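Student: Straight out of Swiss-Prot:
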type	residues	note
ACT_SITE	10	active site, proton acceptor
ACT_SITE	129	active site, proton donor
């Protein structure tokens with residue numbers, strides 16, 4: 001079983017951008033989301049991780065644009081950002097994406113999240129955005145600016161709800177090119193039977209090989225963003241290294 005790579009396309013104000021540690025205002029633009037997503041498809045991606053940053057930060061949305069991008073792609077799409085009620089969830093699923101990633105909503109509205117998981121099963125993943133504070137694993141919500149509670153308590157609840165997949169991000173690592181938090185990934189894998197997608201910190205092929213080493217523990221994939229855009233390695237190189 002090889003590691004699945006999900007190149008990220010983060011969208012703000014209709015453009016593909018990258019952030020540093022999820023901070024609003026730290027965007028670097030990379031042009032059209034459509035072109036970025038199609039480029040990853042042409043380079044051999046089987047998945048694209050597509051994020052509506054404006055919706056995630058609660059400052060508008062790129063819903064129509066993202067629906068068009070999903071429609072043009074032949075590969076599977078994981079859609080994320082601002083999916084926190086029936087309206088945004090149904091709109092996201094209606095794009096034809098393979099699955100959606102719930103973030104803040106899963107923390108703030110447990111009942112709604114449980115219903116979404118029960119109704120849509122495999123098409124729902126939950127994003128666990130973790131910041132380590134004084135040795136405690138705390139979750140972050142609303143574009144990473146609010147506290148979302150203790151990681152292990154929330155994970156226990158989501159396990160009871162039957163969540164099919166988790167996207168785990170160490171917020172301190174995201175967009176920094178400082179390497180992934182392998183210990184966090186390993187600990188989450190030990191606490192769930194569900195597959196885990198790693199996110200944040202990948203800076204070199206070696207990081208992906210290290211994450212691939214956790215596949216037997218339950219890591220299924222890795223989201224890669226800034227390292228690809230910054231030219232640290234190409235997607236074909238990365239795919240070859242983890243096959």
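Cβ from N, Cα, C; glycine included.
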Student: Distance between the residue listed as 'active site, proton donor' and the residue listed as 'active site, proton acceptor' at the Cα atoms, whole Å?
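Tutor: On Cα coordinates alone, these residues lie 16 Å apart.
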Student: What number of additional C-beta atoms lies within 10 angstroms of the C-beta atom of residue 129 (active site, proton donor)?
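Tutor: Other Cβ atoms found within 10 Å: 25.
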Student: Using a Cβ cut-off under 8 Å and a sequence separation of 6 or more, which residues in the same chain sit near residue 10 (active site, proton acceptor)?
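Tutor: The list for residue 10 (active site, proton acceptor) reads 16, 17, 18, 19, 51, 53, 225, given in order along the sequence.
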